[in-house]
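Beneath this line is the structure, given in structure tokens, with notes to follow.
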């Protein structure tokens, strides 16, 4: 018993050290200009000298759980108004682009790795998609033009399910030679269709539930939302759909809806996503053995395949899958360079390991090396390239302060945050002149990073962030008032 308690205490201590080191590395990654995932993996590889870990199944389970949280958080942060304008190129990149990348890499893998064609295609499928965790992490906080950033985010969020399907399908063809390719194609459309539909349904149900349920504490709402993400994945996967796609779609719906305790949900899921990223990358770093990874044979093969993937396969996929979709040459070059690889290929590389595919250990090591190369070369230069190509826009206005009502019990009130747009009807009016719903109170105004204490004579300006305390049954009326636009004649006079 004493030995068991000691082992438990040691495990808790180790987890604490890993999380603290992981958080600290994010500071170093920003200063060094290197994606945090590289340092997380390096921490895991370094700890591998003291901790022996070779359980690919546990690593895979942790990876899938991390994908659920990361994709859900990515969906929450996705602006649907921007994404819906780039649905066509995003879906084309996530489907046709992945197939093209897989095919080109497979041809190279056939001769570089010296494996059979099915195994070569399997390798191409594993590294064929961009990685949501890597893309979300690199683009977060950057002022890359919205259309380009939205294309990359939507592509990475929707092509992970494609990569998972192709990997599992190829393993099935290898392990079960009698499998039909045509049945697998049909299975693809079923998985994606079921995933998208259930994602929409669960998203709507989650929105309704979050707004209707009256929990005892505001801290329970983020847990409730995260539970819905896991429920969405579990039921969708059980019914034969793409659970990852369903989670991403549900996240987009919830993130773009008017939900109770929105900021609490967002902050919690962001922190949870970071925790899962740290855990996942450190575990994956532990799973690889440096003495195997840095063998000359693996290095040469990895460098050759990385070069082909970065400079040939990804650009070809981007240019061919976005023909006549309105992208300039500079934008296509940037999209080609931003095809970041991350945890998804490494986790997918554990699938053939667990299935006993011939040469799976070499595949895992080469995939790991390709991911490190992509993250180091592309991830550390993506912002610089955007500047050089002139693809950075004005920084998005975000308030430096945030207010939210912290409920310690059941309450019939809520704190609303609202940004005043350029054509809002209330611009130029004093607060006392605005017909707010009964009981609504403006608690604070954030204007150009300054906190303003409102009075009746405070005049509303464009770009203000208003924080208003109101009863829940008045929330819709309040939103309608704040969204009211100026008459066209007024706008014309103002421009004149």
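Every residue number used here counts from 1 along the chain in the order it is shown.
Note: Cβ is positioned from N, Cα and C throughout, glycine not excepted.
Bear in mind that the values here come from a model prediction, so they are computed numbers and not experimental data.
Listed features, source TrEMBL:
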- 403-484: domain 'RCK C-terminal' (DOMAIN)
- 6-25: transmembrane segment (TRANSMEM)
- 32-52: transmembrane segment (TRANSMEM)
- 58-76: transmembrane segment (TRANSMEM)
- 88-109: transmembrane segment (TRANSMEM)
- 115-139: transmembrane segment (TRANSMEM)
- 160-182: transmembrane segment (TRANSMEM)
- 188-207: transmembrane segment (TRANSMEM)
- 273-290: transmembrane segment (TRANSMEM)
- 302-320: transmembrane segment (TRANSMEM)
- 332-354: transmembrane segment (TRANSMEM)
- 366-386: transmembrane segment (TRANSMEM)
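Against the transmembrane segment (32-52), the recorded stretches 160-182, 332-354, 366-386 differ in Cβ pairs under 8 Å, and the greatest number is found for 366-386. Taken residue by residue, the domain 'RCK C-terminal' (403-484) breaks down under DSSP into 15 helix, 27 strand, 40 coil. Two recorded stretches are said to be in contact when at least 3 C-beta pairs lie under 8 angstroms, sequence spacing 6 or more; the transmembrane segment (273-290) and the transmembrane segment (88-109) fall short of this definition. Using the rule of three or more Cβ pairs under 8 Å, pairs at least 6 apart in sequence, the transmembrane segment (160-182) is not in contact with the transmembrane segment (366-386).
Taking pairs at least six residues apart, the transmembrane segment (302-320) and the transmembrane segment (366-386) share three or more Cβ pairs below 8 Å and count as touching. Counting C-beta pairs under 8 angstroms (sequence separation of 6 or more), the transmembrane segment (332-354) fails to reach the transmembrane segment (188-207), with fewer than 3 such pairs. Long-range contacts of the transmembrane segment (366-386) within the same chain, counting only residues at least 6 positions beyond its ends with a Cβ under 8 Å from a Cβ of the stretch, are 32-35, 37-38, 41, 113, 123, 126-127, 134, 138, 142, 144, 148, 284, 288, 293, 298-299, 301-303, 305-306, 309-310, 333-334, 337-343, 345-346, 348-349, 392. Listed as Cβ neighbours of the transmembrane segment (188-207) (distance under 8 Å, sequence separation of 6 or more from its ends, same chain) are residues 161, 165, 169, 225, 228, 231-232, 235-236, 239-254, 257, 259.
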